[in-house]
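Here is the structure we will look at.
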Amino acid sequence: MSTDNYRVYFSGHLVEGSTADNVYANLVKLGMSEAQARRLADQKPATIKSKLSREQAVRYQQRLHEAGLEVDIELALSLTPAEDDQDLTQAAKVAKQDESPGTWHTQPEAASVPAAVDSSATADESDRVSAHDTSEQQQSAAVADRRLEPFRFTGNGAEYFGIWIVNILLMVVTLGLYAPWAKVRNAQYFYGHTELDGSSFQYLADPWVIFRGRLVAVAAVIVWLIVSSFFEVFSIILALLFIPVLPWIVTRSLKFHAINSAWRNIRFDFKGSYGGACMVLFVWPLVSLLTLFLAAPLSVYKSQSWRINNAYFGTTPFHFDAKVSDLFLFFIKLVLIGVGFAVLSMLSGLVAVWLSFPILMVGYLVLFGYFMAGLTNLVLSATRLESHALSSNLGKRRIVWIFLSNSLLIVLTLGLFTPWAKVRMARYKASCTQLEINGDLDHFIAAQTKSTGAMGQELGEAFDVGISFV
């Protein structure tokens, strides 16, 4: 049976920074009629396109996002024919893609009732489904339970500015001692304003635990500085002794942040081993170095695999399903892009020396966007939690634009734009991330709540020194 039953739905929200006039012009360029484009630009909810494969739906979503529309992808198999007709009557039938990706055509509207043609198609589909045997129907019901649930970030820059400026003032007054409390307040704001399926995330860390961990780290640095000023040999010995301690610190830090993160009152966890951390921090990077970075994709794959496969939601482990070949292909494209811009810069330098620098800068930005968005999309889209799956569709050009414009505005405002910059990036990343839910999510959550009920407060006592990893 066909599973091409995804639909692209517009809930009435425009991409941040987009205006109705710009969205209208972009949609007309994509091939919409003026009436259809105006309806969507006026932020009227509508089902834009239905009966799509997942790949087609994602392409529609990307194109419409570039045009300025925030759209969601949903599975429509559970719709009855009547419901399908109702959605399609509201639909603004936008561009229809050709066999070749990237080609758009205008799909003509029906003369009187817009859903008339689709209505007959729905009837044919209904007849075809009814002809299947019982096992086919059971499979159809299972597929119908699948749905894409987007992440949403509901914070705003003005609100976060109040938290941000108070944190800075208190850190100045306390000579930095307030930093752990500032970190927790920041994390709680961003976690609390990130929602999935109507529930926000929670950050549960105790600032005193972070404070104690940092005191230990500061004390170790002070001892090393004092010893190195008097005994150079001992300073080298202490530095070497720190090497085997680093994997333990990284593992404990990852565990600390995991167990202090929760969704629907269920904590995450991290169970990576010391040996695994040694492989990720020392062995695989060394292999990459010895092979002149030819094994760099393998090193990245191993680090991501270790980090994700040892992460848990309650008692259920995450799984990293990417292949090593996926990482090699990603890095090959990255290298080809870099080589292309390097050659172009050299050739342009022969014509005019001043042309080399702008081309190198453009090349850097392209590589930055490709790496940041591409790697995130690859890793998240290969992450599974039991029967549920994450997906990400960050736009490379969009990431570069947000990064550049944020950086420029931060400089021009002497840093005061920082809260808006952080909120803007968080909102975009959340809007491009979805969870494909397969089956009854509430049943899954209930099972996790029961199995993790005995987890005690000692989880909050994990060691943390503020180290981020990967």
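Numbering starts at 1 and runs along the chain as it is shown here.
Glycine is no exception: its Cβ is also placed from the backbone N, Cα and C atoms.
Note: TrEMBL annotation is automatic and uncurated.
Of the given residue ranges 400-421, 444-465, TrEMBL assigns the label transmembrane segment to 400-421.
Counting residues 6+ beyond its ends, the transmembrane segment (327-355) has Cβ neighbours under 8 Å at 296-298, 300-301, 362-363, 366-367, 370-371, 374-375, 378 in the same chain. Tertiary proximity for the transmembrane segment (272-296) is limited to same-chain residues at least six positions away from its ends with a CB under 8 Å from its CB atoms, namely 243, 246-248, 250-251, 254-255, 302-303, 306-307, 310, 331. Sequence-distant neighbours of the transmembrane segment (161-181) (same chain, 6+ residues past either end, Cβ-Cβ under 8 Å): 189, 207-208, 210-211, 214, 418-420.
Beyond the ends of the transmembrane segment (400-421), by six or more residues, the same chain brings 157-158, 160-161, 163-165, 365-366, 368-369, 372, 428 to within a C-beta distance below 8 angstroms of the stretch.
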